[in-house]
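These notes concern the structure reproduced below.
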């Protein structure tokens, strides 16, 4: 099927393909239109004859995770001619895109608002028996419309089942495993060849948070002749960089986060509430308002930030309660890309400001374990990630990370809702999804057709 044939083709009887959003070894991603309702969707195509098919496997994981807060709706999956097709909700920009727009630095306030949701997303995946194994900024996207302030976790190409939900049996501890995921954000144990478990997703998330705060990580930009040599250099630098050095000049809660994650044993269930509480208490002590005004809003319209400035509050030296520790570059965006991306940011922000003046506050568990192990083996055998990213897909040339060892495809999930501590009147999750006022803070984001760039080293 050539390009013109694709554009004229109707998927599943009602989704017409629009412009191409991205492509790569995973297949192709298109904007789609529901010809019955006019709704815009994302359509992912994978050639039926591809060497390592994964779209059906991915769609099953997607269906299995349906019902979690922020999990996009899987609208259709099937085969049309020469392609397997998956139709899903359309999402907004990734955190890496927004990070670049904000000149590659996020404020502490934005990082803390994001951290709460990111932990929830990872917890939800874990609660359904799966590890993500490729936690990075590209794999978190903001929503659109009424879910504009909600973070979505995408890309289940490297997801792995770590326990049976019926028997609660955990996968066995193993060593001598190849690095799976993205080297920049991989946990120390992953570098050491140890089978990944829940603790590793959370350690990777910690590196993402420090990347946002610092602007970069100490092991970025290392030169090497081969991929293995580069992984070895990253591993060495990561292990030589103490948590205290990594988090120097930043609140001690980030140091506590890493110490806790690294104290977990292989099969330990993390105390996700404790980790959220670390950052929520810090948020309160800093005097921030939970208004969901992020840096990408303020960077275009500084006056919007006036309502979100921290109120002067006492800052007692608290030692947040928690469980005892059981010890055991992306290149600069090209002018053409930057222009299109900046235009999209400005367009959506302009609409939001005019619609509300100063921005206000705002922002299902299925039981089926029929993910085939054969499909898991297939996508664990893939080598190299070369996909370009549209609104939906995340790993692309020039993405925020070292190339994944295995190719990871683009799909979505998100976390469940959680009650806050007694000091917070409304949960971060419910605030992000429930306030019609500030839903416009990222509302109606123009589609970002991100082209290919150079692969980051």
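Every residue gets a Cβ built from N, Cα and C, even glycine.
Straight from Swiss-Prot, the features:
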{"type": "ACT_SITE", "residues": "134", "note": "active site, proton acceptor"}
{"type": "BINDING", "residues": "21, 22, 23, 24, 25, 26, 27, 28, 29, 44", "note": "ATP binding site"}
{"type": "COMPBIAS", "residues": "311-324", "note": "compositional bias 'Pro residues'"}
{"type": "COMPBIAS", "residues": "383-403", "note": "compositional bias 'Polar residues'"}
{"type": "COMPBIAS", "residues": "409-429", "note": "compositional bias 'Polar residues'"}
{"type": "DOMAIN", "residues": "15-284", "note": "domain 'Protein kinase'"}
{"type": "REGION", "residues": "305-337", "note": "region 'Disordered'"}
{"type": "REGION", "residues": "352-442", "note": "region 'Disordered'"}
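Separation of the C-alpha atoms of residue 23 (ATP binding site) and residue 134 (active site, proton acceptor): 19 Å, rounded to the nearest whole number. Around residue 134 (active site, proton acceptor), a 10 Å sphere centred on its CB holds 28 further CB atoms from the protein chains shown. Put simply, residue 27 (ATP binding site) is 19 Å from the residue listed as 'active site, proton acceptor' when counted between their Cα atoms. There are 26 other Cβ atoms within 10 Å of the Cβ belonging to residue 29 (ATP binding site).
Around the Cβ of residue 27 (ATP binding site), the number of neighbouring Cβ atoms within 10 Å comes to 23. Burial estimate for the binding-site residues (21, 23): highest at 21, by number of other CB atoms within 10 Å.
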